[in-house]
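Notes follow the structure.
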């Protein structure tokens, strides 16, 4: 592999670069046409070549690297690493960020010493060191970007679809991690095959996405030192690179919308039920469910923070590319240039802030005694094993609770209706036991046998059928099968003791038979439970 990019047709000195005959990369041509080109009066003052740009890049890269290392340290010392999908995803994301951010910290040091771009800071490398820096940065960033997708899918599956931990551990994690690494390797090896891991004019380091020099493709006046591919191949490579970014943004956005809709839909249903709650026991249940919604809101807040960190990290790059074709930018370009260098390498720092916030919140909520923010922060960093595992509330659980409560309410109503029906049957039996009607028609009405005519005398079998039907409803609910059939058998014996006249008459024999019958039917009525003095049959 070549150790330098010397070209016989190009003078790589700064004076040659500042000559009018040199075709500088498109960002510099674009700046020359901008209305506020005094910010970059000469090419040597172009922002990305300045010491300021290098300092910003080094600082952001170092801060992100240290932040991700701290996340890894906390996770490895946590007691639930083997069981927490959240920890494993964050571990993968942090390692990916370290791979990307550590070489960014080196800035222009790995850049070839004979680079054609006039960087103000030291360039001590060669082609190999430049390719290695670009390779690790791009691979780490692709894996970090895709780990954001994995994290958002984790929130989506847990909160909206209530997927089990086994599903996350056995399907989402291995598939997600494997695809992230595979796609990352595909991108960097494709760039390496196209010889497109080179110094770039819009970063104070080596990166990908351009030939070297920037504008040599399709330009006969500038010879390509590296990345001399066809415009079609270049277009395909760039389309794939930004297509990946577009896929990530769309996936993150859709998952966010679905999670938010689920949270607010469940909260609306819970609030509707709460307005109809009157009993203390149910109030406690609603309070628990409201607590679950509150926990879900906390988790949703953390998810939004991670999405915000992702947008804040990569949004400036997308925005910079999107408006790169506009000529009239002035101070906007000044802000974009610095924001891109400051925020793009800093996702590890943003992740650490969110990670610590989440851990501190969980720790303070789990402790009975109050903890100050500083005390909780110290425990999280020094003794992370004392922090409970990340608890993911599930809206599906709350939804099931709501559905269960609706079902219980319906069952209670059905039970009330059944009890009212049993009460009416009890009234029929009471009238039968307490009445002293001497006529068959009176007897028929007193026990509610409406199917019999007023002039016909009810037979013993008809009387038994009516009474046994009444008792069978409650017997099925309160007696076992043996008790019920023994009661019916005793009732038959009781009714067979006397004639119809004795049954329907007002004699003392009738009272005795009825007392025996009711006692035999349910097994709990005493002999004196039925009398002619308006006492009721107790069952």
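Placement of Cβ uses the backbone N, Cα and C atoms for every residue, glycine included.
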Range annotated region 'Disordered' in TrEMBL (choices 476-495, 496-515) is 496-515
Quick test of your reading of TrEMBL: among 175-194, 195-214, where does it put transmembrane segment? 175-194
Other than its close neighbours in sequence, what residues sit by the transmembrane segment (88-111), given a CB gap under 8 Å and a spacing of at least six beyond its ends? 54, 57-58, 60-62, 64-65, 68-69, 71-72, 75-76, 81, 119, 121-125, 129-130, 132-133, 136-141, 143-144, 147-148, 150-151, 154, 173, 176-177, 180, 199, 204-206, 345, 347-348, 351, 355
Predicted model, mean pLDDT over the domain 'G-protein coupled receptors family 1 profile' (67-355): 81
